[in-house]
Structures are given as structure tokens and as C-alpha cells.
């Protein structure tokens with residue numbers, strides 16, 4: 001079962017290890033009341049559901065970031081299977097369309113109040129206008145993300161994954177219960193890595209983001225726990 005969600009947990013720590021020893025060395029130093037954990041495609045492919053279960057035993061709530069994008073029926077089956085793990089949050093790609101998102105949402109109905117949160121990815125924060133043009137999309141990332149957000153709302157999902165740069169506009173066209181999750185969060189002085197549309201944690205929270213996804217700036221720092229706690233403490237003052 002998913003651990004109880006602490007509303008004060010604004011930070012989602014993205015785990016990005018290919019080694020379980022390193023994973024648990026870090027995780028076992030973290031208070032599960034301070035942040036959620038995100039498991040992405042690399043770690044889930046390497047270690048499977050057993051990793052999720054081990055982290056849940058440590059009372060962490062898990063965002064299973066697999067970004068499902070397939071035909072509606074396949075996506076629905078995958079969402080149902082992932083939900084059976086008792087995770088806190090799941091996601092799909094909004095570009096998969098209305099029928100796919102509705103199928104994913106309906107797959108969670110049998111779980112009632114115990115269903116995980118279901119959010120949709122709008123535009124990846126590694127993409128810019130030129131990337132979209134090569135895909136035949138001639139809107140700006142912000143315009144395309146807003147279009148996909150509106151589709152996500154129509155389908156009844158709980159929120160979107162978006163750039164923090166879109167948060168202020170998105171908050172104007174959604175209610176306070178609609179979740180905005182921002183990857184591409186980089187503390188001052190951090191390496192941008194492969195992210196393009198980035199923002200600091202403090203700025204993102206001020207813009208109206210509900211959850212901040214931070215991975216490598218913490219996990220690859222000299223002292224990950226010190227970095228994590230520093231970010232959390234800074235956010236408490238906003």
C-alpha cells in the first residue's frame with residue numbers, strides 16, 4: 001500500500017542509480033516524512049517492482065514515472081498493473097490523446113479513494129521550439145503545453161508535469177486542486193545536465209508549482225543529504 005501522503009512534502013527526489021547498494025545507502029539516510037521518491041524507467045527496468053516494494057517498506061511514497069504512451073487498452077492495463085503496486089502517483093504522456101487518458105483514468109476507478117494520483121506529461125523540459133518543429137509542431141513549448149493541459153483537465157486527470165516557467169499561466173486556468181509538478185528544477189550553481197527550461201526551487205514554488213522534482217543536483221552532489229536538507233529548509237521559508 002502507498003504510504004500516507006504528507007502535504008508538507010513538496011520535494012520529489014528522483015532516484016537515478018544503476019546500483020542498489022548506492023540507492024539504499026542514500027535512501028536509508030533520508031527521513032521519509034521530508035520527501036517523496038521518484039522511480040523512472042531506468043531503475044524500474046533494472047530492478048522492477050521489488051525496488052518499489054523495498055522503498056515502501058521504508059515508508060516512502062513513490063511516484064512511478066513511467067510515462068505510459070500507447071493505445072488506450074494497453075495503457076489501461078499497464079496503469080492498472082502499476083496501481084496494484086500501491087504507488088502514490090503515476091503518469092502518462094498527454095500527447096497520447098483523449099481516449100488514452102480517459103482509459104487510464106477509468107482503469108483506476110475500481111480502486112476508489114485508494115487510487116494513485118494520475119498526472120500527464122505535457123512537454124519534456126529537455127525540449128525547445130526547434131525540437132517541436134522537427135516533430136511538425138509549430139507552437140512554442142508553452143503554447144503546446146497549455147493545449148495539452150486543457151486536454152488533461154477535460155479527461156479528469158489530477159494534474160500535469162510541466163515546466164515551472166508555465167506554472168503562473170497554468171495556475172490561472174486551473175483550480176487549486178489541480179496538481180502542477182515541475183522537473184528541470186536546478187538550485188543555483190547546479191549543472192543543467194540535459195535540461196533546457198529550468199528554474200530554481202524557490203522560484204518554482206513562488207510560481208505555484210505543487211511538487212518539485214530534483215534528482216542529479218542532489219544525488220550527484222558531494223553531500224547528498226546536506227544538499228537535500230538545505231533545499232527543504234530553504235523551501236520552508238517561502
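The count begins at 1 with the first shown residue.
A Cβ is built for glycine as well, from the same backbone N, Cα and C atoms used for every other residue.
From a predicted model like this one, the values you see are computed outputs, not experimental measurements.
These come from TrEMBL:
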ACT_SITE  65  active site, for OMPdecase activity
ACT_SITE  67  active site, for OMPdecase activity
ACT_SITE  67  active site, proton donor
ACT_SITE  70  active site, for OMPdecase activity
BINDING   38, 65-74, 125, 186, 195, 215-216  substrate binding site
DOMAIN    10-231  domain 'Orotidine 5'-phosphate decarboxylase'
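Features as recorded by TrEMBL, highlighted on the structure.
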| residue | record | DSSP class |
| --- | --- | --- |
| 38 | substrate binding site | strand |
| 65 | active site, for OMPdecase activity | strand |
| 70 | active site, for OMPdecase activity | coil |
| 186 | substrate binding site | coil |
| 215 | substrate binding site | coil |
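Cα proximity to residue 65 (active site, for OMPdecase activity) (within 10 Å) is found for the following binding-site residues from 38, 72, 74, 186: 38.
Reported as a whole number, the C-alpha separation between residue 186 (substrate binding site) and residue 70 (active site, for OMPdecase activity) equals 31 Å. Long-range Cβ proximity for residue 72 (substrate binding site), meaning a same-chain Cβ under 8 A and a gap of 6 or more residues, is found for 99, 100, 102, 103, 104. Sparsest Cβ environment among the active-site residues 65, 70 (other Cβ atoms counted within 10 Å): 70. Mean model confidence of the domain 'Orotidine 5'-phosphate decarboxylase' (10-231) amounts to 94 (pLDDT, 0 to 100 scale). The Cβ of residue 68 (substrate binding site) lies under 8 Å from the Cβ of 75, 78, 79, 82, 90, 91, 92, 93, 96, 104, each on the same chain and at least six residues away in sequence. Around residue 215 (substrate binding site), a 10 Å sphere centred on its CB holds 17 further CB atoms from the protein chains shown.
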